[in-house]
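Following: one structure in structure tokens, then a few remarks.
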Protein chains: 2
Amino acid sequence: MSNGEFDVIQRYFTASKRPRRKDVIVSIGDDCAITEHSRNQRIAITTDTMVENTHFLPTIRPADLAYKAAATNLSDLAAMGAEPAWFSLALTLPKIDSLWLDEFSQSFFEVLNHYNVDLIGGDTTKGALHVITITAQGIIPKGKALCRHSAKVGDWIYISGSLGDSAGGLALLLRENGATTKSAVENVSISSLNEYDCRYLIQRHLRPTPRVLLGFELAVSSLANAAIDISDGFLADLTHILERSQCSAVIHLEKLPLSASLIKVFGAQQAERFALTGGEDYELCFTVSEHNRAKLERALMHMGVAYTCVGQIHGFNPHHKKRLRFQRDGQLVELVDTAGFDHFR
Amino acid sequence: MSNGEFDVIQRYFTASKRPRRKDVIVSIGDDCAITEHSRNQRIAITTDTMVENTHFLPTIRPADLAYKAAATNLSDLAAMGAEPAWFSLALTLPKIDSLWLDEFSQSFFEVLNHYNVDLIGGDTTKGALHVITITAQGIIPKGKALCRHSAKVGDWIYISGSLGDSAGGLALLLRENGATTKSAVENVSISSLNEYDCRYLIQRHLRPTPRVLLGFELAVSSLANAAIDISDGFLADLTHILERSQCSAVIHLEKLPLSASLIKVFGAQQAERFALTGGEDYELCFTVSEHNRAKLERALMHMGVAYTCVGQIHGFNPHHKKRLRFQRDGQLVELVDTAGFDHFR
């Protein structure tokens, strides 16, 4: 850890509000943190960056930004089935703004406390844009990690929660902010602007729930074969599973879990488009064998997270080159424009 | 790990040139990496960010930037005595520039190969500035970490290599780039511009050597009580040891290890100033008890790294409030302007 901006770290990020874990031997304030592990634990490690104007609007509240930066990393741990443990935070800021830092750090530690995560280090630097990089680490029992490469032909494809709400919320936020630049949402027509529905969608965009408990349960129970979190869009992320597992999939469009609010505000057609290609839902997509389906129902019964079967894994024929096929009410249909979200496009 | 820019990661950062470690169970390409550890290992974790215009000039060569970003993190591991193992790389770029990425990734993997470090994940994002955040992890035997808080009264203060060269090199680079803005170096007078000396100093700034083997040896031999790497300037970093160890120190100015090149180019007085307050030397500062001094000489004899005793740890009297006292040839002297490097100042 750099010492350059010791006061910022001392003042905002080492306060007593920070959770302390017993497996952290040395924490913030030395050149490195030191952690300990037991023998049958494996460590899951993920890094995610959020950049102003690319991943969030300059108007975002610091509390929402802190929440989302933490949640996206927790979501990656959830997709692996890991129990969150330690975060490192690299924060680039244009200037030291105490109000901003107060709000950011308070919200950040609320999330960390909720998931029993210890902030073990980081770096605070000066730069023209707000950039937040978190490296998150979690603990996972040996041999239990949920990977992308292990989906099997015949597996059923499940989705937690509902899809597309975050993209809907973003479209509403951009509209509020009077976005006039060419963007993916400029052609979106809005059917209704009920306040409750709009707030719900915006909240789903700003405060996505990382499916930490669900991921952990799926991993330790060995009920799922493969999993990924939906950050780039359902089809884009499912394709990662398909490519790594050398499979294809059939998706039943009428089964996509769409929230009532999303359909009300944007109409059924646009809602489906958001569900398939909108990013940042942070729901889990996981595959389960026929054999484990009944057990899954029992295991997740008391978890309070909805889950929906939306399709099935099939074999992959390299000559056909199609990873994804779609059915609507039993009929094969063709879809266009199913690309995910890519910041460099 | 985010999938957004999968092609960049695939193309530049998962090539066969990447070292593979056996303790990496899952590597780049899933939501998280998974690592394994043996029972008596502890993990050292550090995060460092480098931002364009704050930590490096926009004219820096990508190869030098990659080297330095890796080296600063390795230096933090060295200061703890850890053996480097796994890196995560978060890279924010204004655009995808293949020449830039080719050169950056090649140089990056040269360093990683040299230290047997595996790149286990990261994130590539778009932003107006180049920002590089590395989270580095290393392995350290249980109970052997070198901390800042464990210097003891009577310990001798040692420095590896020489001090101030990096600040000298930066002053030369800023001069070459025709810097006209108000900067710390505008009043630096240059005594001589011998090409060899200038190149040496610039090289020390661009390609500092992380003292990985030295740190590891100091830790496993239990010969040093405390250690830190000199990133913010010798006095600023030594003060971290003193504060955390509740000690003070006497520094013998005539013993500061100054390179012949630094003295030749900048004169003895400025060289001393660079040595005391210039940042980014990435040498180690460590403290050793009287009892261990002879053993230290024997242990480091074949290491090929110079080390110099520059002072001694004393008790701290809170009424006097002085952490640092200076002697020159046996006489107490007063110094002014001994502040370290702080990006927000």
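Placed from the backbone N, Cα and C atoms, the Cβ positions cover glycine too.
Automated prediction, rather than curation, is the source of TrEMBL annotations.
Sequence-distant contacts (6 or more apart, same chain, Cβ under 8 Å) of A:T46 (Mg(2+) 4 binding site) comprise A:N73, A:D76, A:L77, A:M80, A:T135, A:A136, A:Q137. TrEMBL lists A:D31, A:T46, A:D76 with the feature Mg(2+) 4 binding site.
Secondary structure from DSSP puts A:D31 (Mg(2+) 4 binding site) in coil. Residues annotated as Mg(2+) 3 binding site in TrEMBL: A:D31, A:D76, A:D229.
Other Cβ atoms within 10 Å of the Cβ of A:T47 (Mg(2+) 1 binding site), summed over all protein chains shown, number 28. In the three-state DSSP assignment, the secondary structure recorded for A:T47 (Mg(2+) 1 binding site) is strand. What TrEMBL records for A:T47, A:D48, A:D123 is Mg(2+) 1 binding site.
Sequence-distant neighbours of A:D48 (Mg(2+) 1 binding site) (same chain, six or more apart, CB under 8 Å from its CB) are A:A69, A:T72, A:N73, A:D76, A:T133, A:I134, A:A136, listed in sequence order. If you look up TrEMBL, you'll see A:D48, A:D76 marked as Mg(2+) 2 binding site.
Its own atom aside, the Cβ of A:E280 (substrate binding site) has 23 Cβ atoms within 10 angstroms in the protein chains shown. Following the DSSP three-state reduction, the secondary structure of A:E280 (substrate binding site) is coil. Among the features that TrEMBL reports, substrate binding site is placed at A:H55, A:E280, A:F341.
Around A:R148 (ATP binding site), the C-beta neighbours below 8 angstroms that are at least 6 residues distant in the chain are A:A226, A:A227, A:I228, A:H240, A:I241, A:R244, A:S245. The ATP binding site annotation in TrEMBL covers A:G122, A:D123, A:R148, A:S231.
The feature Mg(2+) 5 binding site is assigned by TrEMBL to A:D232. Within 10 Å of the C-beta of A:D232 (Mg(2+) 5 binding site) we count 26 further C-beta atoms, all protein chains included. Classification of A:D232 (Mg(2+) 5 binding site) by DSSP places it in coil, neither helical nor stranded.
If you look up TrEMBL, you'll see A:29-140 marked as domain 'PurM-like N-terminal'. Summed and averaged per residue, pLDDT over the domain 'PurM-like N-terminal' (A:29-140) gives 94.
If you look up TrEMBL, you'll see A:152-305 marked as domain 'PurM-like C-terminal'.
In sequence order, the binding-site residues near A:D229 (Mg(2+) 3 binding site) (Cα within 10 Å of its Cα) are A:E280, drawn from A:T47, A:H55, A:D123, A:E280. Candidates A:D31, A:H55, A:D123, A:E280 (binding-site residues) were compared with A:S231 (ATP binding site); those inside 10 Å Cα-Cα are A:E280.
Among the binding-site residues A:D31, A:H55, A:G122, A:D232, A:E280, the residue whose Cα lies closest in space to that of A:T47 (Mg(2+) 1 binding site) is A:G122. A:H55 (substrate binding site) carries neither a helix nor a strand DSSP state and counts as coil. Those binding-site residues from A:T46, A:D48, A:D232, A:E280 lying by chain B, with Cβ under 8 Å from one of its Cβ atoms, are A:T46, A:D48, A:D232. In this view, A:H55 (substrate binding site) is surrounded by 25 other Cβ atoms within 10 Å of its Cβ, with every protein chain counted.
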